[in-house]
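A.B. asks: Quick one: this structure, given as structure tokens, is what I'll be asking you about.
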Amino acid sequence: MGFKGVGTYEIVPYQAPSLNLNAWEGKLEPGAVVRTYTRGDKPSDNAKWQVALVAGSGDSAEYLIINVHSGYFLTATKENHIVSTPQISPTDPSARWTIKPATTHQYEVFTINNKVSELGQLTVKDYSTHSGADVLSASAKTADNQKWYFDAK
């Protein structure tokens, strides 16, 4: 499970590999909050994310992370707050992310950092390993709850 650039992925928390990043309740209107959800044999479209390169390359590449079900962008709305999928311009910096390797114990995992540095990294709240945990944009510490697997779909 590694990030290979643009493509469609199930994004999985390192500290809870039985869960995935999920646009909660599969809503088609803007603003769905993002939480963890139990992985199944075949992920639903609200648990799949299209990663699209929008600027830069290599370590400075910026990506939009687009929910396959709704078409809305993963967005950090404010620091230490749950991320969501609002209707927002693709040029808005809060909808842009960098993805960096953070290999841990020989596992190929990554951090997902918001372009707005004050908005930090994609983070599972309180290191939760339970379905329904909020996914935040929190201060970047590259902790285990801020590392992710990318499972190509």
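Cβ coordinates are placed from backbone N, Cα and C, and glycine is handled just like the others.
Taken from Swiss-Prot, the feature beta-D-galactosyl-(1->3)-N-acetyl-D-galactosamine binding site applies to ASN22, ALA23, TRP24, GLU25, ASN46. Sequence annotations record features per position, and here Swiss-Prot assigns domain 'Ricin B-type lectin' to 58-153.
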A.B. asks: Using the centroid of the Cβ atoms of ASN22, ALA23, TRP24, GLU25, ASN46 as reference, list every other same-chain residue with Cβ within 8 Å of it (recorded beta-D-galactosyl-(1->3)-N-acetyl-D-galactosamine site), in sequence order.
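C.D. replies: Other same-chain residues near the beta-D-galactosyl-(1->3)-N-acetyl-D-galactosamine site: GLY26, LYS27, ALA32, VAL33, VAL34, ARG35, TYR37, ALA47, ASN67, HIS69.
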A.B. asks: Could you work out which of the binding-site residues (ASN22, ASN46) has its C-beta surrounded by the smallest number of other C-beta atoms within 10 A?
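C.D. replies: Selected from the binding-site residues ASN22, ASN46 on minimum Cβ neighbours within 10 Å: ASN46.
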A.B. asks: At its widest, how many Å does the recorded beta-D-galactosyl-(1->3)-N-acetyl-D-galactosamine site span between Cα atoms of ASN22, ALA23, TRP24, GLU25, ASN46?
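C.D. replies: 8 Å is the greatest Cα spacing among the residues binding beta-D-galactosyl-(1->3)-N-acetyl-D-galactosamine.
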A.B. asks: Just to confirm my parser: what is the rounded mean pLDDT across the domain 'Ricin B-type lectin' (58-153)?
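C.D. replies: That stretch averages a pLDDT of 97.
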A.B. asks: Take the Cβ of GLU25 (beta-D-galactosyl-(1->3)-N-acetyl-D-galactosamine binding site) and count every other Cβ within 10 Å, whichever protein chain it belongs to.
C.D. replies: 11
A.B. asks: Test of understanding: give the count of other CB atoms lying within 10 angstroms of the CB of ALA23 (beta-D-galactosyl-(1->3)-N-acetyl-D-galactosamine binding site).
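C.D. replies: There are 28 of them.
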A.B. asks: Which residue counts does DSSP yield for the domain 'Ricin B-type lectin' (58-153) in the helix, strand and coil classes, in that order?
C.D. replies: 15 helix, 38 strand, 43 coil
A.B. asks: Can you name the residues of this chain that are 6 or more positions from TRP24 (beta-D-galactosyl-(1->3)-N-acetyl-D-galactosamine binding site) yet have a C-beta less than 8 Å from its C-beta?
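C.D. replies: Same-chain residues close to TRP24 (beta-D-galactosyl-(1->3)-N-acetyl-D-galactosamine binding site) (Cβ under 8 Å, separated by 6 or more) are ALA32, VAL33, VAL34, ARG35, TYR37, ASN46.
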A.B. asks: Please state whether DSSP places ASN46 (beta-D-galactosyl-(1->3)-N-acetyl-D-galactosamine binding site) in a helix, a strand or coil.
C.D. replies: helix
